[in-house]
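Database features (Swiss-Prot):
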ACT_SITE  342  active site, proton donor
ACT_SITE  363  active site, nucleophile
CARBOHYD  110  N-linked glycosylation site
CARBOHYD  209  N-linked glycosylation site
CARBOHYD  224  N-linked glycosylation site
CARBOHYD  280  N-linked glycosylation site
CARBOHYD  423  N-linked glycosylation site
CARBOHYD  494  N-linked glycosylation site
CARBOHYD  501  N-linked glycosylation site
REGION    214-511  region 'Pectinesterase 32'
SITE      341  site 'Transition state stabilizer'
């Protein structure tokens with residue numbers, strides 16, 4: 001608790017510094033800087049006071065949750081309490097990151113340079129953490145959940161208030177569409193990378209042979225470590241340099257967690273289904289969805305390449321996460337995420353997935369991250385009898401959040417086990433997990449595995465008029481719009497101007513932190 005009280009006063013001081021930068025005098029900056037620095041809707045002091053209110057609310061919420069720690073025993077309630085304390089701790093730290101984006105060299109290595117966008121992302125992540133804390137009490141004692149919900153309500157209210165005080169980023173110039181024939185080449189390699197991926201890291205991502213690694217993991221004892229978890233623990237804390245862990249071919253049965261203090265780790269395997277990290281935690285076996293992940297990463301700037309992450313619990317065990325990602329500015333390249341329900345938990349922050357294989361049944365790409373998926377293989381599997389598949393369940397719960405999923409240039413199809421059951425198992429593009437769920441499919445190939453109505457309700461009319469679901473220029477037998485849902489929140493994007501709002505350059509301000517040209521990372525659309 002002393003830690004949180006100290007954090008309250010320090011964050012208040014940090015906010016005073018950052019807001020002075022946001023609202024700095026116009027003559028001190030170029031016209032480009034001015035767009036970035038004038039990021040607040042309210043006077044600086046009001047913003048600082050609101051930030052302190054958030055930290056105070058978090059401190060009180062932790063005190064309430066912690067009261068149940070020793071009384072809960074070993075149960076889902078106990079797991080939920082542990083989750084809550086960790087999540088609220090992360091929420092408080094996310095508020096302190098604001099200073100790093102503008103003053104600290106460490107922060108510059110892991111931010112976009114757009115103070116307003118960074119603020120909105122990190123405040124939204126704090127809101128997601130509060131919400132996930134409460135979600136963890138699903139299926140537990142109703143009295144405890146009610147008490148915790150009461151303690152968290154002030155956190156949610158104050159974080160939402162803080163979010164309204166930050167300007168939305170201005171629209172960026174529309175990228176020039178790339179011709180379709182160029183797009184074909186884009187699927188063959190990955191030669192252009194985000195600007196924050198350093199030249200040395202680009203070489204590591206491009207080469208098939210890892211000759212230099214800070215740590216080598218090998219199950220057969222030929223490396224520095226035999227487990228991935230030990231290699232992660234040995235990595236330096238808050239590193240501003242890339243720390244490379246080579247995980248050799250093999251099957252690693254362990255639950256790996258890269259905590260928030262482990263920055264800039266790059267984990268390289270020997271290929272999809274050659275290096276496999278596997279586990280079987282599930283909701284049915286007493287784990288919260290958040291804690292069920294086989295692999296979880298919260299440290300900034302994480303990069304993964306050529307690895308399979310899987311959860312083998314099976315469809316009968318319900319929520320069973322293969323990978324949970326809270327890394328900000330993270331990259332997953334040529335990785336596989338295999339599971340059934342809730343395979344990929346893109347929980348919060350900003351991430352890019354390229355040339356990945358993602359398989360599952362119910363809500364198998366879900367969470368409240370701002371994430372772009374390009375050139376991926378997204379495959380629905382056979383689940384329980386009479387069960388409906390839903391590919392996405394995006395978790396945006398406030399209209400001011402910048403979060404959402406864009407799936408672009410990808411192949412949406414059935415996995416081999418579902419091909420024989422297409423007539424009995426319906427697969428949908430997504431359903432609204434939270435009130436302002438936002439997902440757009442653009443320029444993908446959709447097989448006949450996709451049900452003609454396209455999208456699925458969560459619970460009756462819930463969120464149908466507040467969600468934002470969109471489709472633009474998809475192809476294939478599953479892409480026909482003739483029988484799509486008629487919900488108020490569903491949109492057929494008829495023009496490139498509409499679709500451009502969900503491209504890399506607009507959704508995640510990629511013209512600032514991603515390269516705006518290059519045949520393998522496309523900032524805009526394909527003509």
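FYI, residue positions are counted from 1 along the chain as it appears here.
In case you wondered, yes, glycine gets a Cβ from its N, Cα and C as well.
Taking the features listed in Swiss-Prot, we show where each one sits on the structure.
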residue	record	Cβ contacts under 8 Å, 6 or more apart
224	N-linked glycosylation site	215, 216, 217, 231, 234
280	N-linked glycosylation site	311, 312, 313, 317, 320
341	site 'Transition state stabilizer'	315, 317, 318, 319, 320, 360, 361, 362, 363, 364, 383
342	active site, proton donor	289, 292, 319, 320, 321, 360, 362, 363, 364, 366
423	N-linked glycosylation site	none
494	N-linked glycosylation site	none
501	N-linked glycosylation site	507
